[in-house]
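See structure below.
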Amino acid sequence: MPALWEEKAAARRQTLHSQIPQEWLMSIPSPDEMTCVVGQALLPQLLTPLEDEIIQSPTARVIERLQRGEWTAEATVTAFCKRAAVAHQALNCATDLLFTEALATAREYDAFFRSTGKTKGPLHGLPVSIKDVFDVAGRITSCGLVSRLDRVAQNDALLVAILRDAGAIPFVKTNLSQACLLVESINNIYGTVMNPWNRHLSAGGSSGGEAALVAFRGSPLGVGTDGGGSLRLPAAWNGVYTLKPTSTRIPGYGSGAGYSDSVAAGYGPFANDLDTIAIFCKTVLSAKPWLRDPSIVPIPWNSNVIVGPKLRLGLLLDDGVVHFSPPVLRILRAAAAKLKEAGHELLVLGPEWAEMHRRGADIAFRMYTQEGGIGIREELEKSGEPLVPRVCTGWSETPLTPLEIWVNHRARKKLRVTYLERYNSLDLDAIITAPTPHPAPPHGEYITSAICAVFNALDFPSCVVPYGRVDLTADVATPEWYAQEPYPDMANFPYDRYDVDMKRLYTGPEVFENSPLALQIVAPPYQEEHCVAVSQVIDRILNE
């Protein structure tokens, strides 16, 4: 007989399934029968030619046509609802489908436009997807926990409210990891999110549902969170763009599972181009969120930031934690070569940078476990559901003492100063490195998020720019790569795996077949505009 938590989870899954209109239900081939679903003919006779044009268009063009009244909000929302319904059936990427209310709102907006000639705001009629960690009024915010299936939000999270006030229409809430504490989007309620490029591979976490949906073009703009890579790893592994901002730039109030302020979490967008990232930032910061959330610094978005014709970029090929895998190194070196050819300057960052990164990873990992996982354990005890393997908890019998937390905070502050000093001493415009040491791995087999977690500890903003995919010929590892002396495991953080395990996992590129690859482009705190501008220059050179 199933346990009570299993019955609640099953009932919730059935409710989610019932939210898909009958005429949109499809028979999706299994992952073995159809590994990659990007570009596959999964929508026969479901989308009209106009709807297909809408979902394939750059988001800026969708917004422009909505503003001009060339496309109705109803047609636009309908197109993405259909696409998202198929995406969920293929990828398991949703937790709540808001189709009925989204379409009703779209019709209201169309009536308003017809009667007044005015729009509801700069994002008038644009459907947006929301990670399940954010409150959406009238909807469950589960955070991937059975104990929260009865938690219906009374109000929108501030970020959701700002997007709604700008005319955007929330239409999907997306799947995530249990309590947002895992680099794999899996929980006991909704199951595992699959990667659209290879459904045997991870979509990343904790914002994997968002990234998979956007990659499938089931959403023109998604919203996620990042306390240790939860925007950047899913973006990299699904082949989409993101920005992890400085923690006090974009509001996250009305979200989360109650984590410590020690973790510098960022709240940001997923999109299929950087223009959409900039549109999101400008829209959110034009609403002056600092007037409603005192933790947000009062810095409006500056659309006039430009970068010089010759960039000076630091290239980090080694973080001192895990040696980057062959496809990751190949793509970093290929990007550096193309950027040099275009006239930009690349400086390889040496061992002293790897030492800082290893130190930063240790600081970040201590912060993730400092309260001993007491919060998540209390949630699990409420429902009786089990802990998902590799979810980061810590040790409830030995949480850090206030003095130990204070010492770790001092170490973080010292590292931030040292890192910025070295960055400025080289007169860098940005750092280019990997968002992860390996491509999207098989489900449950990721190695570490250390290269991302460091930039949370530093609170540096970073963009992810897709570039290339795993090559079954070019990415065969050399004997020299396997023969490298492995870095020692990180102490006191057994949720990740490390260098020895990286060599065991990477038996060949076929393990990661068809996985997207990407760059992580990093700038100092509060320089999001600069980070995006540099990323746009790099993106044009690499991806034209």
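Along the chain as shown, the residues are counted starting at 1.
Yeah, the Cβs are placed from backbone N, Cα and C, and that goes for glycine too.
Since the structure is predicted, the reported quantities are computational estimates derived from the model, not experimental observations.
Here is what TrEMBL says about this protein:
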- 76-531: domain 'Amidase' (DOMAIN)
- LYS131: active site, charge relay system (ACT_SITE)
- SER206: active site, charge relay system (ACT_SITE)
- SER230: active site, acyl-ester intermediate (ACT_SITE)
Query raised in the report: 10 Å Cβ neighbour count around LYS131 (active site, charge relay system)?
Result: 31
Query raised in the report: Using Cα coordinates, what distance in whole Å links LYS131 (active site, charge relay system) and SER206 (active site, charge relay system)?
Result: 9
Report task. For SER206 (active site, charge relay system) and SER230 (active site, acyl-ester intermediate), determine the Cα separation and express it in whole Å. Result -> 5
Requested in this report: Summarise the model confidence on the domain 'Amidase' (76-531) as a single mean pLDDT, whole number.
Outcome: 96
Report task. Just jot down the residues in the same chain as the residue listed as 'active site, acyl-ester intermediate', at least 6 apart in sequence, with C-beta under 8 A of its C-beta; none if empty. Result -> CYS180, VAL183, GLY204, GLY205, SER206, SER207, GLY224
